[in-house]
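Participant: Just lifted these from Swiss-Prot, have a look:
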TRANSMEM  3-23  transmembrane segment
TRANSMEM  25-45  transmembrane segment
TRANSMEM  59-79  transmembrane segment
TRANSMEM  93-115  transmembrane segment
TRANSMEM  149-169  transmembrane segment
TRANSMEM  178-198  transmembrane segment
TRANSMEM  201-221  transmembrane segment
TRANSMEM  239-259  transmembrane segment
TRANSMEM  276-296  transmembrane segment
TRANSMEM  326-346  transmembrane segment
Amino acid sequence: MNPIIISMIGFTIILGTTIVLMSSHWFMIWIGFEMNMLAIIPVLMKSHHPRSTEASTKYFLTQTTASMLMLLSVMINLIYTGQWTAMKLANPTASTIMTLSLAMKLGLSPFHFWVPEVTQGIPLTSGLILLTWQKLAPLSVLYIASPNLNMTMLLTMSILSVVMGGWGGLNQTQLRKILAFSSIAHMGWMTAIIMFNPTLTLLNLLLYILMTTTIFMILIFTKSTTTLSISYMWNKTPIMTVIMLTILMSLGGLPPLSGFMPKWMIIQELTKNNNIALALIMAMSALLNLYFYMRLMYATTLTMFPSSNNIKMKWYYTNNLPTKYLPTLTIMSTLLLPLTPMMMMLLN
């Protein structure tokens, strides 16, 4: 692709998200979403493969439907209240439709089916953008409008997302699908706590982006897309394999790694607000995620026979990408748990 076109597309993606993040006017928020969506389509289709085309079409149809629902919600609210302000979503019907729209954009259950399919059909770099950067705009709108949204519906979808995110990843062998289901589960955790402590949602989002970015960087570095290719990584880059499996454990919320911090704080916040049943359901559902990560680790480390490197691997004779950012990201993705008391003090 032409470097000028790549620069224009990247600038439009960043500009669209920035407009959403900085706007309090519903029409400008909608325009930002549309700019971002139209610019991300060529990024998803850059491999010129039929699967990429199919994934891009699914993404386009889903996001277009969500944008239509958002515009419908804004119009209903405008008719009843005369307000364009994002913080004033007073009409119950508009509030319900807006909740559905944002859930569809984030990939919350039961609107989650597009996330694994789209992630599986696109290249790793596009998957990284889809599962990290593309979550910023809808979550920022959810953060702003959360006091006016249908919280019963949002909590129900959050619980379903945590359950389906763990359940859907159980029998997967494709790493992109595993990370997609992990994204669904993490979105469930973030939206569950947003009505009690919105700042905790931002902390969870930050750690999720850190861990997901680190894993995708390792997958891009080694060109690994399946669980079998991780097993072959032992012969080429054993240290990188250990790092990736450790970060997967962190993503699953295993103490004493960084990923345990947001789950600990969210469960503590839910119990503090007398939502013990909700905290129990989410904690039990998180075990599903941890199970398929541990199964992946077990299959990679303990079920492979010791072997010499007699297999010509895809990355063996290619120039490897530089990894100058990887040590910092790895440390932040695994060793932030001791900062939990300070985070609790800042967020309370």
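All positions are counted from 1 along the displayed chain.
Each residue, glycine too, has its Cβ placed from N, Cα and C.
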Participant: So if I exclude everything within five residues of the ends of the transmembrane segment (326-346), which remaining residues of that chain have a CB under 8 angstroms from its CBs? That is, six or more out.
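Facilitator: For the transmembrane segment (326-346), the sequence-distant neighbours (Cβ-Cβ under 8 Å, at least 6 residues beyond its ends) are 203, 207, 210-211, 213-214, 217-218, 221, 243, 246-247, 250, 255-261, 264-265, 268.
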Participant: Near the transmembrane segment (201-221), which residues from the same chain, at least 6 beyond its ends, have a CB less than 8 A from one of its CBs?
Facilitator: 124-125, 127-128, 131-132, 135-136, 139, 143, 175, 179, 182-183, 186, 189-191, 193-194, 237, 240, 243-244, 247-248, 250-251, 258-259, 261-262, 265-266, 315, 320-321, 323, 325-326, 329-330, 332-333, 336, 343, 347
Participant: If I count Cβ-Cβ pairs under 8 A between the transmembrane segment (93-115) and each of 178-198, 239-259, 276-296, which range comes out on top?
Facilitator: 178-198
Participant: Within this structure, do the transmembrane segment (59-79) and the transmembrane segment (178-198) have 3 or more Cβ pairs under 8 angstroms, counting pairs 6 or more apart in sequence?
Facilitator: no
Participant: By a Cβ-Cβ criterion of under 8 Å, what residues six or more beyond either terminus of the transmembrane segment (59-79) are in contact with it?
Facilitator: 26-27, 29-30, 33-34, 37, 40-41, 44, 88-91, 93-95, 97-98, 100-102, 104-105, 111, 114, 118, 130
Participant: Is the number of Cβ-Cβ pairs under 8 Å between the transmembrane segment (276-296) and the transmembrane segment (149-169) three or more, considering only pairs separated by 6 or more positions?
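Facilitator: In this chain the transmembrane segment (276-296) contacts the transmembrane segment (149-169) - 3 or more Cβ pairs sit under 8 Å.
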